[in-house]
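Quick look at what Swiss-Prot annotates:
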{"type": "REGION", "residues": "4-184", "note": "region 'Large ATPase domain (RuvB-L)'"}
{"type": "BINDING", "residues": "ILE23, ARG24, GLY65, LYS68, THR69, THR70, GLU131, ASP132, TYR133, ARG174, TYR184, ARG221", "note": "ATP binding site"}
{"type": "BINDING", "residues": "THR69", "note": "Mg(2+) binding site"}
{"type": "REGION", "residues": "185-255", "note": "region 'Small ATPAse domain (RuvB-S)'"}
{"type": "REGION", "residues": "258-334", "note": "region 'Head domain (RuvB-H)'"}
{"type": "BINDING", "residues": "ARG313, ARG318", "note": "DNA binding site"}
Amino acid sequence: MIDEDRLISGTQKIDENFIDRAIRPKFLADYEGQPQVNKQMEIFIEAARQRNEALDHLLIFGPPGLGKTTLSHIVANELEVNIKTTSGPILEKAGDLAALLTNLEENDVLFIDEIHRLSPVVEEILYPAMEDYQLDIMIGEGPAARSIKLDLPAFTLIGATTRAGSLTSPLRDRFGIVQRLEYYDLKSLTRIVLRSAGHFKLNMSEAGAVEIARRSRGTPRIANRLLRRVRDYAQVKKANVIDDDVAKLALDMLEVDNEGFDYMDRKLLMAILDTFMGGPVGLDNLAAAIGEEKETIEDVLEPYLIQQGFLQRTPRGRIATNRTYLHFGFDKPQ
């Protein structure tokens, strides 16, 4: 099982990029769910604008689907500058990055998604560009090779990552502003669902939006994906209004429960409860019981379950929590 295949994955699917761009907020005033980030960025952006300077380099990190790309475009819009976007895996050679940097204009934004996946050779080029707005380029080969320095316009690098801990210290230390995006609360997600429903010209009740938001795992990308599937259901079933009943029927059909769990989440938790009597159970045994790779369990399934308090990792293995027993209606062994 691959994370991208799951309906409740925060990772963007290939066909979602165009739709996500259309419903993405353009300015901080419309940016929901990250009040501290919003407040701080408003100050930093206004200060840079008043001084007519490039904003300090910005690192945005957090789980997938929370709006890192959205925030980077908002920053560019608020500063009224151009934004060029790329990603770590695409920048294979120093020349790839040099081509982008030399095409930037004064105070422009360069956005690098998955910045933790930059190759070491590209990262080395980035250091003087970030610090001194200079590009060191090697001309020629062998004994005749020489280094020349190119001056770059002042620019803002925005790096986005789901794995801030994987960044090298020299790269991380060069970001003047660091923002962590948190999972969204129910109210914020409900407003996002209603806003997207308006974009799709859907007749949706607030209760219907709440039902979708509740099952969206605190993630706007998942909320918008579930909204599109609920829209399909309502259209085929000829429902005039997407209320909580229609949303429940659609999401139950999709096997997304009221905690946002899908089949694989429930399979893992039920294995711990039923097969291993609540745990503790080792990772090898758990992987064998549910027929999944250990890496998939650790990297894809467990993080959200642990964060929501349904699973605990202990030195002796995984154990189910009180919330898990309540959710599945099991009595906890004494």
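Keep in mind that glycine also has a Cβ here, set from the backbone N, Cα and C atoms.
Mapped onto this structure are the features recorded in Swiss-Prot.
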residue	record	Cβ contacts under 8 Å, 6 or more apart
ILE23	ATP binding site	ARG195, SER196, HIS199, ASN224
THR69	ATP binding site	THR85, PHE111, ASP113, ALA160
GLU131	ATP binding site	ARG174
TYR133	ATP binding site	ASP151, LEU152, PRO153, ALA154, PHE155
TYR184	ATP binding site	GLU32, GLY33, GLN34, LEU66, ILE192, GLY218, THR219, PRO220
ARG313	DNA binding site	GLU302, ILE306
ARG318	DNA binding site	ILE272, GLY279, PRO280, VAL281, GLY282, LEU283, LEU286, GLU302, LEU311, GLN312
* CB contacts for GLY65 (ATP binding site) [other CB atoms within 10 A, all chains] -> 27
* Asked: Widest Cα span across the ATP binders ILE23, ARG24, GLY65, LYS68, THR69, THR70, GLU131, ASP132, TYR133, ARG174, TYR184, ARG221, in Å?
  -> 37
* According to DSSP, how is the region 'Head domain (RuvB-H)' (258-334) divided among helix, strand and coil residues? -> 42 helix, 9 strand, 26 coil
* Assigned conformation of TYR133 (ATP binding site) - DSSP reduced to three states -> coil
* Pop the mean pLDDT for the region 'Small ATPAse domain (RuvB-S)' (185-255) in here, whole number is fine. => 94
